[in-house]
């Protein structure tokens, strides 16, 4: 766990700044006194031991914690830490409470005082119980039947209950800032999941506002004031279109009005929340009171049936074909709706003529036994007539046109999965308590208790209402969505006591309040996501008014809400927000399951009644409900979340929140590494796993950035890439430079899009540091098998730290480690990732078999856009005794089996005499090599001379004091090694040997073996220059150094320089491994 804390109470910020200023002044005044403490280290003042009377020098005197004096500068004492943690406020940084005074800054923050009942239970109750309960639950019961409705409600309530259990575990695992589900998911699953699901939850909350506003308008225009409709019904069958247009006009006006209210004063919305909640509770009490009343005195709501068809009573008041008055039969307004005149012999609708008009009781009561009739479903197509099943009916010979007749029609096609999507929004709102965690007295106790109690209460209400509605109300009334058969009354209102208006008015204010709450909460959720900085394109919505009001976020919320209002159908909007809420709940369950299975040390929730299996079941249920509601909406919601996830991953700010996905990745990586460790990879799975050796300058900047460009082109993000470098020195002294170098290398890797790991090694010797990297880079089975480095351009300089000796030793070590070595010469001339070759060749000079590495490199490079249009050419060298034609055929067959397309050419190199140029070049190479050795030897001798003088002076000073002890401890034959005469003689001896050595250089003859090597290099340069001078890249086997380490090692570097004279881009390959076989 981290040992550094920055925990500053809000009310103490000013005081701490003042104390910090005083402490700095005291530190300046006492600085000189502290320098004389004996250890040469100035003492720092500690804010954790406060004594005003004592000076700074005596601050620790007499204290029993003086042993930890040095640590107090960076790590606080426990007593001070606990004191600050006790005053910790869980308000999010930079967020000002919206209820604060807008004209002055808050000077004092009142401690949170809300308990479980007021802070969690009632808000959850208000958000869960809403528009669906009053407007659609009776219709769902009538359509799906009591049994299937019970299943629908039970599934949805089980989903929210399991989610609440998971949420309680997450919410009680530490302090949850105000922000609800977004903070829980993002801090548990990481910024990518948090941002994606947070934005989906924001969209769900916004569309919920649209749904509540549409519910408000439906109550207003259908049940309170139908005459207020702007668009009137001109012809039969246009009722639905007129209603939708009215919804759009009124909805736009109401959403603008609500936005103004939210913008002007959120505190008034919060204060009215209790009023809206009271309306909900009174409405539910009225429903239960009405149910009880039906047991002994059912309300009088007659229904008019023609045969078994339900009639709408909006156009007539008498349920009869004709009436008897004064012994005279008169036709009724109902007769005129089905007949062409009021006469008894008029021509009427065939079905009207064949069937009688009957009147039944719409609310027969709980004791009537109507429950058995409502147990089963009655799904129907769009435009079907609502019919009573057991009512006698005579069908006509052919169905007449039913348009314009006063039947009750179904407005949409109904089926089980559609009803699930419409109902699910009625169980959302379980996050209301966690959203207010900043205002709770004890959030870790209140959130689980209040949320689970609220879900239990609302689940009981919904399940009991299903049974009670099915037991009290006639089925045709239940399926009458808009109450047309009961004179346009709200169906659930007909059951309520003392009056249907209790439900109508209560539901109206309830939906108004819910809409205001959505328009209040959604902008703040978007503001929280924007202020986290994980989604760059929405950062503007993190700004607002001076008091923190999210003005820009409110405007966006209103715009999205307007989209839902333009849809204008509550039944169409409900499945949309169901998708977003279900996705949010699914990831809450996933977060709890992941944290539980990972068993991270930080996962210690106070809520103990959870298990990963419950979270997994809840997650699976959420996913199932998404596809049950609407599979295409589910796919669209997942696509939106996936796009946001990838955008955050690609462009978003990097956040480290200790999330579970990172822990899951670590576990998966550990498991994979253990599996890979079982054995070496098969040749079919072989690919270059690179260790890239970079050279840094004095500013810790990369000298050859193009080496990383070439790495990206070669790897294309596949396989392992380790970018390493060596700093010379001691790690304790080079710690700062190491971090700086690592940051610079990682920044360049990001620019060059090199996906891999960075490893900086500090070593007293540069040569040893390279050896450490080659031996130890990587982990387990994920180790490099190929080393990529730049050709040492200044290898001829003896003082260069990457001299020829270091290079030769690196070549030897990669060979010993069974690794391939790639050496890029003229790396600064290689193409960048932005360049594109429109033509050209990649030439491979295959001289010795290297296991297939040379064949593999062009194939991998051509996968990248830079080299994609280059062609591959393979050259091989034929000796005097070789059959060139047969070699070419064999090579072509070999490439055919490897499935590589390349042009093949065999180059013949015949034996000829060694030229004078080759002889002279070899001689100059050996002379220079010998001269460098003599110069190095002279340097060593000079160093030894200086050391001898130092030893002599030290011995002469200490001789009197040490003489007695030496005589006693050392045998008599030991004497002083150096005298003045010996020293002078040795000096002249070394000088004479050096002079004679330099004379021998000009009389030496070249080694015949070196002459043959140089001869081969010069001839090879000729054929390569002839064939590949204009190639974009040339690859060649690198000749290895002599096996005898005491031999002339730098000869090989001269030969390599000679091979590629006047050629720009080329790579040497030295492979000690088999890359592929014939079955690759």
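Note that Cβ sites are derived from N, Cα and C of the backbone, with glycine treated the same way.
Curation plays no part in TrEMBL annotations; they are all automatic predictions.
The feature region 'Disordered' is assigned by TrEMBL to 1-44.
Per TrEMBL, the feature compositional bias 'Basic and acidic residues' maps to 14-24.
If one looks beyond the transmembrane segment (114-137) by at least 6 residues along the same chain, the residues whose Cβ comes under 8 Å of a Cβ in the stretch are 211-212, 215-216, 218-219, 273-274, 276-277, 280-281, 283-284, 422-423, 425-430, 432-433, 436, 439-441, 445-447, 449-451, 453-455, 457-458, 461-462, 465-466, 469, 481, 490, 492, 503, 506-507, 510-511, 513-514, 517, 570-571, 574. What TrEMBL records for 114-137 (among others) is transmembrane segment.
Annotation comment: TrEMBL describes 120-294 (among others) as domain 'Amino acid permease/ SLC12A'. This prediction places the mean pLDDT of the domain 'Amino acid permease/ SLC12A' (120-294) at 86.
Taken from TrEMBL, the feature transmembrane segment applies to 149-172 (among others).
Residues or ranges marked as transmembrane segment by TrEMBL: 193-214 (among others).
For 249-266 (among others), the entry in TrEMBL reads transmembrane segment. Within the chain carrying the transmembrane segment (249-266), a Cβ under 8 angstroms from the stretch's Cβ atoms is held by residues 98-99, 209-210, 213-214, 216-217, 220-221, 230-231, 515-516, 519-520, 523, 549, 551, 554, 558, 561-562, 565-566, 568, all 6 or more beyond its ends.
Feature annotation from TrEMBL assigns transmembrane segment to 273-292 (among others).
Residues or ranges marked as transmembrane segment by TrEMBL: 412-432 (among others). Listed as Cβ neighbours of the transmembrane segment (412-432) (distance under 8 Å, sequence separation of 6 or more from its ends, same chain) are residues 120, 123-124, 126-133, 136-137, 140, 143-144, 148-149, 152-153, 155-157, 159-160, 163-164, 167, 180-181, 204, 208, 211, 377, 379-382, 451, 454-455, 458-459, 462, 571, 574-575, 577-578, 581-582, 625, 628-630, 633.
According to TrEMBL, the feature domain 'Amino acid permease/ SLC12A' maps to 413-691 (among others).
According to TrEMBL, the feature transmembrane segment maps to 452-478 (among others). Below 8 angstroms of C-beta separation, residues 116, 120-121, 124-125, 128-129, 133, 137-139, 141-143, 145-146, 149-150, 153-154, 157, 160-161, 164-165, 168, 284, 287-288, 291, 294, 298, 301, 303, 305, 310, 360-366, 368, 370-371, 373-375, 378, 386-389, 408, 426-427, 430, 433, 485-486, 491-492, 494-495 of the same chain, each at least six residues beyond the ends of the transmembrane segment (452-478), sit close to that stretch.
Long-range contacts of the transmembrane segment (498-516) within the same chain, counting only residues at least 6 positions beyond its ends with a Cβ under 8 Å from a Cβ of the stretch, are 126-127, 129-131, 134-135, 208-209, 212-213, 215-216, 219-220, 223-224, 254, 258, 261-262, 269, 272-273, 275-277, 279-280, 282-283, 286-287, 289, 489-490, 492. What TrEMBL records for 498-516 (among others) is transmembrane segment.
Taken from TrEMBL, the feature transmembrane segment applies to 552-570 (among others).
Among the features that TrEMBL reports, transmembrane segment is placed at 576-598 (among others).
TrEMBL lists 610-634 (among others) with the feature transmembrane segment.
Among the features that TrEMBL reports, domain 'SLC12A transporter C-terminal' is placed at 823-1044.
Long-range contacts of the transmembrane segment (149-172) within the same chain: residues 140-141, 181, 184, 188, 416, 419-420, 423-424, 426-428, 430-431, 434, 437, 443-444, 447-448, 451-452, 455-456, 458-459, 462-463, 466-467, 470, 582, 585, 588-589, 591-593, 595-596, 605-607, 609-610, 614-615, 617-618, 621-622, 625, each at least 6 residues beyond the stretch ends and with a Cβ under 8 Å from a Cβ of the stretch.
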